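Now, the feature entries from Swiss-Prot:
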BINDING   D11, K34, 61-70, T117, R179, Q188, 208-209  substrate binding site
ACT_SITE  K63  active site, proton donor
Amino acid sequence: MKETRPIIALDFAGKEEVQSFLEQFPPDEKLYVKVGMELYYAEGPGIINYLKDCGHSIFLDLKLHDIPNTVESAMKVLAKLGVDMTNVHAAGGVEMMRAARRGLGKDAVLIAVTQLTSTSEEQMRTDQNIQTSLQEAVVHYAQRAQEAGLDGVVCSAHEVALIKDATSSDFVCLTPGIRPTGGEVGDQKRVMTPADAARIGSDYIVVGRPITKSEHPYQTYLSIKEEWNRG
C-alpha cells in the first residue's frame with residue numbers, strides 16, 4: 001500500500017539540529033522520517049525514542065551487512081526500539097536476509113538495498129565486478145530479497161516497474177534520490193520527481209535536502225507531498 005507521506009531524511013549531526021528542524025512543522029503534523037547512520041551513531045537509541053514520543057513514524061536506515069547471526073541479533077535490538085522500517089544490504093545474501101527477518105519479526109517493514117542510487121553502471125562493473133547491466137543486477141537482488149521473506153527493496157524509480165514485474169505488485173519499492181520538479185540532482189545519479197515516482201509505482205519516497213535545506217521546510221514538504229499524491 002502506498003505511503004501518502006514522503007519520508008523526510010533527517011540527515012543531521014545531532015538531536016539539537018533535528019529539534020530545530022522539526023520546530024518548523026506544526027506540532028500535530030505526524031511525519032515519516034528517516035534516521036541514517038550519522039544521526040543514529042551520534043545519538044544512539046535515544047533519538048528513536050524522542051521521535052516516537054513526538055508521534056512520528058521512523059525508517060531506521062542502517063543498511064546492515066554482516067554474518068547472519070550478527071544481523072539477526074542486531075535486528076532483535078531494533079525490533080525492541082519499535083522502528084517502523086529498517087533495511088539490510090541484499091548483497092549480504094539470502095541467509096543473512098532470512099536471519100534479519102527472524103530477528104526483526106513481522107511488526108516492522110524490512111527492505112533490502114539493491115544498488116545505491118549514487119552507483120552508476122560503470123562503477124558497479126568496476127568496483128563490484130558485476131558484469132550484468134545495472135537493471136539486471138537490481139532485479140536479481142530484489143528476487144533474492146523476496147525469496148528471503150523481505151517486504152521489499154530500496155531502488156531507483158527507474159527500476160520499480162521491472163522489480164514489480166519480476167516479483168509481485170505488493171512487493172514494496174522505496175525510492176530515494178527524489179528531487180522536486182526543477183530541483184538540483186546533487187550526488188544522486190539516478191533520480192526522479194515525486195510525480196514520476198508515483199506514476200511508475202513507487203510505494204515510498206525519501207526526500208532529504210530539498211526539504212531540510214529549504215528556507216521554508218513545511219511549505220516545501222506540503223508541495224512535495226501534494227505532487228507525490230497527485231502523481
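Yeah, the Cβs are placed from backbone N, Cα and C, and that goes for glycine too.
Known features from Swiss-Prot, placed on the structure.
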residue: D11; record: substrate binding site; contacts (Cβ under 8 Å, 6+ apart): G36, E38, L39, G208, R209, T212
residue: L62; record: substrate binding site; contacts (Cβ under 8 Å, 6+ apart): G36, M37, Y40, L78, T86, N87
residue: K63; record: active site, proton donor; contacts (Cβ under 8 Å, 6+ apart): M37, N87, V88, H89, V113
residue: H65; record: substrate binding site; contacts (Cβ under 8 Å, 6+ apart): V71, V88, H89, A91, G92, M96
residue: P68; record: substrate binding site; contacts (Cβ under 8 Å, 6+ apart): E95, M96, R98, A99
Determine the minimum-neighbour residue: among T117, G208, listed as binding-site residues, which Cβ has the fewest other Cβ atoms within 10 angstroms? G208
Under a three-state DSSP reduction, the secondary structure at P68 (substrate binding site) is helix
